[in-house]
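A.B. asks: My questions will all concern the structure given below.
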Amino acid sequence: MAAIHKKPCTASKSSTESKRTDLKSNEKKGSWAYYMTNSPLLIVMIGLPARGKTYMSKKLTRYLNWIGVPTKVFNLGVYRREAVQSYKSYDFFRHDNEEAMKIRKQCALVALQDVKTYLSEEGGQIAVFDATNTTRERRTLIVNFAQENSFKVFFVESVCDDPEVIAENIMEVKVSSPDYPERDRESVMEDFLKRIECYKVTYQPLDPDKHDMNLSFIKVINVGRRFLVNKVQDSIQSKIVYYLMNIHVHSHSIYLCRHGESLHNLEGRLGGDSGLSERGKKFAVELKAFVKEHNLSDLKVWTSQLKRTIQTAEELGVPYEQWKILNEIDAGMCEEMTYAMIEEKYPEEFAMRDQDKYHYRYPGGESYQDLVQRLEPVIMELERQGNVLVICHQAVMRCLLAYFLDKGADDLPYMKCPLHTVLKLTPVAYGCKVEMFDLKVEAVNTHRDRPLVSIKVKTPPPMFRRNSFDPLSTKDQIKRPRMYSMGNFSPPPTLPPPAFASTRISEGIESVQREVSVQLI
Amino acid sequence: PEMLDNEDHLLENHPRELTQNPLKKIWMPHKNSHIGHRRVCMTNCPTLIVTVGLPARGKTYISKKLTRYLNWIGVPTKEFNVGDYRRECLKIYKSFEFFRPDNEEGVKIRRQCAMSALNDVRQYLSVEGGQVAVFDATNTTRDRRGTIMKFAEQNGFKVFFVESVCEDPEVIAQNIVQVKLGNPDYMNCSSEEAIEDFMERIKCYETSYQPLDEDLDSDVSYIKIMDVGRRYLVNRVVDHIQSRIVYYLMNIHITPRSIYLCRHGESDLNIKGRIGGDSGLSSRGKEFAKRLRSFLEEQKIKDLKIWTSQMKRTIQTAECLGVPYEQWKSLNEIDAGVCEEMMYEEIQEHFPLEFALRDQDKYRYRYPKGESYEDLVQRLEPVIMELERQENVLVICHQAVMRCLLAYFLDKTSHELPYLKCPLHTVLKLTPVAYGCKVESVYLGVESVNTHRDRPENVNVQRSTEDALQTVPAHL
């Protein structure tokens, strides 16, 4: 079983479409992400305005993409703003405003068309339809649409009757919405509350006992105090439910930093389990002061099980928890080597890593993609927790940061996570605020930039690796997922990597496209 | 200021020195103290899980399964079945009349049994170091549940209720047939008599049943399971362990199915007596793969899913089956770190201390730069979760991995786990039945080396080479 050849091909729309139907009818599975989903999934949000639908949509989408399931949000408000260039007042949303109702329905249909394109032709696996969807009529329309296209449907309804929560919602995200350019808080609040009233008139919540008992859904009640879960069909829906049940909206901050500079860092060696250098020890002392200064209540401290993070935590003088899964990426045969040594001893491996740093797996070791899988329980627990300081490693920190800042596989391995710097992440509105604290202790720079020259591979090289097959999953949102594992079937034609090559433009510098054929053993 | 002597001075100005625990390879400060070194510390205070529901709603099934899962992932858990206490007390069960709400004598005895069980719960959680206790009884009245919550509050336990609600007569009937008929209560009855009596028993509870209520019980932490998992209501999950429990309960099902476990076919390194590595199949291994294919065809398994690791030998085995399969990196064999591809004789020669430590505590022992069985279990948890969701699955994996999975299904302790027998070329068919798992072992008739190394008598680090290698199986 020496080599796998991936034939490049030009994918025309019709061929990919028929491929999709083929795949659906044969129900073949192969990728890790794919074990979770057979057919594409349409997640449909339900709820009055200011119930956190968009918050949940975006967060869920971020999480699903991070674990490797191509997901995209389709927010109906965006379509509506396209169609109706300027928003005047809540009158638009009155249920007896026929003209507006027509426009709104039209927008929904356009959005659903885009959903269809995304799931059927662009390789998406999950689409999140973010709108109020408060009437049975609308939901029936969506269910029929999904059935026609063989998509599964999962509803996420957010029900909230706590006026404080609603008011806070409006303040945090509606006041700065494009609908309210003047941003006069009081008038925004007033108009928005009237908008909600318009929907209340026709709101038909999911009815688990009769009308909607055969639908798959989760009802999130009062921001996660209670959940009703009905007819979960498969693993990915189960995972989505688990995720939604673990997130919360209480304010908290997550601090990420690396261990202090280590002896191996000084020598430019990868991996290993060395102790802190003198400067690294100094960083630990500064970190202790930093923690004190920030005066965090109930701060939890987590480390890996490698000496350098533990030594760093020891200095803080507070209880900490060791997680093996926070250990640095396993460089396998390249452990404890310098980049120069690797380049000399394993030039093909070295080149391959630069071609696709996210998917590249060290021989006998791990890839960033493996790391993400390994780190998933950490993310889940971070979502549950309050204030946490995670003392970890470069590759690990990049993966965690990518989750919080919604960075894809192309950017993740090149995120800057310098030594002796603490990143403070605070959830804000729909995203995450990042503050960087340089603790002013000198350290070596361990960051290797993206190669300047984009290596455009003429033919995908045959890959021979001691301990693995290329992990099967999608590379990014617009590529088609690979549906087959190694088997008696020829791998489906994969798209040529033009998107891959074109994103290889490192910060602001022109890339020179060169065709290089990569020689491998 | 006083002159501190050298050591004190050092302690004052430097963080504590770290040493690496030789068995688990965990870095700890010299004067070890407060750190939790495994995964997240699951619970601050112990948790009392309380089942709620009419008879024959699967409470004991859920209790036992949940207990098995929690123990496997390393959370010391024990179940306390009030029915067992009642049987202890009563010795002889006459009829459902005992459960009539107007039977004063019966009510008194049942209450005493519940108290006795709660006492044992307290003992287990507060004294014996247990972390989770599962209190398995009907607990159908708000009053009884109130008593339990008070008890928990007094002792500093968190409470989480698991209610099972089901009105489907078929499911209930099946329950009764599967687990009640074989129950000690009905040893001397015919099936019809037993079923009739049991239905009357259920009726005794029905009138006073107060299910957990959205409004009245809005401050209580619970999960309500409806119609065997068709619907769930989850209220006020407060911590990590409860969240994990909910996730687990939402993934299990009772649809009949079988799980097949086997190892890859014999590999080239197996023949040489070397551990780990990523070699291909020997010719006998290939023969096994062929036989496996015939075996599966004969079995005519409905919608069988096939999983392998990402190591060559399991994939080569699956390749011969001619059907789609899925690769899981988490199913890869235990990483033997610096001992990868070595023979036991070589490990003894180069790392005699490591070799001895491993024999002393094979479950917790971590290879230098490698993994322990304990690490493996953590790595395999998502596989178990997915196996629970699935129906018929064949898992082609490796010796240590198979031991871990088997231990989960057969409820083996961490002492037994690393020594479970998982020979090559043998398929284990696991079928859930009643509260446990039926195991059928099928040897596919292709010879192979034996890779099972028993615990030798002498595990002392000073032992002779001969003693150390006493149990090493034969190889080339």
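Numbering starts at 1 and runs along the chain as it is shown here.
Each Cβ is built from the backbone N, Cα and C atoms, and glycine gets one as well.
Below are the features I grabbed from TrEMBL:
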type     : residues                                                                                 : note
ACT_SITE : A:HIS259                                                                                 : active site, tele-phosphohistidine intermediate
ACT_SITE : A:GLU328                                                                                 : active site, proton donor/acceptor
BINDING  : A:ARG258, A:HIS259, A:GLY260, A:GLU261, A:SER262, A:LEU263, A:HIS264, A:ASN265, A:ARG308 : substrate binding site
DOMAIN   : A:30-250                                                                                 : domain '6-phosphofructo-2-kinase'
REGION   : A:1-24                                                                                   : region 'Disordered'
TRANSMEM : A:32-50                                                                                  : transmembrane segment
A.B. asks: Using a 10 angstroms cut-off on Cβ to Cβ distances, just flag whichever of A:ARG258, A:HIS259, A:HIS264, A:ARG308 is the loneliest among these recorded positions.
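C.D. replies: Candidates: the recorded positions A:ARG258, A:HIS259, A:HIS264, A:ARG308. Fewest Cβ atoms within 10 Å: A:HIS264.
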A.B. asks: What is the number of other Cβ atoms found within 10 Å of the Cβ of A:SER262 (substrate binding site)?
C.D. replies: 29
A.B. asks: Taking the centroid of the Cβ atoms of A:ARG258, A:HIS259, A:GLY260, A:GLU261, A:SER262, A:LEU263, A:HIS264, A:ASN265, A:ARG308 (substrate site), which other same-chain residues have Cβ within 8 Å of it?
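C.D. replies: Surrounding the site, in chain order, are A:SER274, A:GLY275, A:LEU276, A:SER277, A:GLY280, A:LEU419.
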A.B. asks: Report, in whole Å, the straight Cα-to-Cα distance of the residue listed as 'active site, proton donor/acceptor' from A:GLY260 (substrate binding site).
C.D. replies: 14
A.B. asks: Express the distance between the Cα positions of A:ARG308 (substrate binding site) and A:HIS259 (active site, tele-phosphohistidine intermediate) as a whole number of Å.
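C.D. replies: The Cα atom of A:ARG308 (substrate binding site) is 6 Å away from the Cα atom of A:HIS259 (active site, tele-phosphohistidine intermediate).
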A.B. asks: Substrate site residues A:ARG258, A:HIS259, A:GLY260, A:GLU261, A:SER262, A:LEU263, A:HIS264, A:ASN265, A:ARG308: biggest Cα-Cα distance, Å?
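C.D. replies: Spelled out: the longest distance between any two Cα atoms in A:ARG258, A:HIS259, A:GLY260, A:GLU261, A:SER262, A:LEU263, A:HIS264, A:ASN265, A:ARG308 is 14 Å.
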A.B. asks: What is the separation, in Å, between the Cα atoms of the residue listed as 'active site, tele-phosphohistidine intermediate' and the residue listed as 'active site, proton donor/acceptor'?
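C.D. replies: About 11 Å separate the Cα atoms of these two residues.
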A.B. asks: State the Cα to Cα distance, in Å, between A:HIS264 (substrate binding site) and the residue listed as 'active site, proton donor/acceptor', rounded to an integer.
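C.D. replies: It is 13 Å, counting Cα to Cα.
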A.B. asks: Where does A:HIS264 (substrate binding site) sit in the DSSP three-state scheme?
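C.D. replies: The residue in question, A:HIS264 (substrate binding site), is helix (DSSP, three-state).
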A.B. asks: Please report the distance from the Cα of A:ARG258 (substrate binding site) to the Cα of A:GLU328 (active site, proton donor/acceptor), rounded to the nearest angstrom.
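C.D. replies: Checking the Cα atoms of A:ARG258 (substrate binding site) and A:GLU328 (active site, proton donor/acceptor) gives a distance of 10 Å.
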A.B. asks: Who sits close to A:GLU328 (active site, proton donor/acceptor): which same-chain residues at least 6 apart have their Cβ under 8 Å from its Cβ?
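C.D. replies: Sequence-distant Cβ neighbours: A:GLY271, A:SER304, A:LEU306, A:CYS392, A:HIS393, A:GLN394, A:ALA395, A:VAL396.
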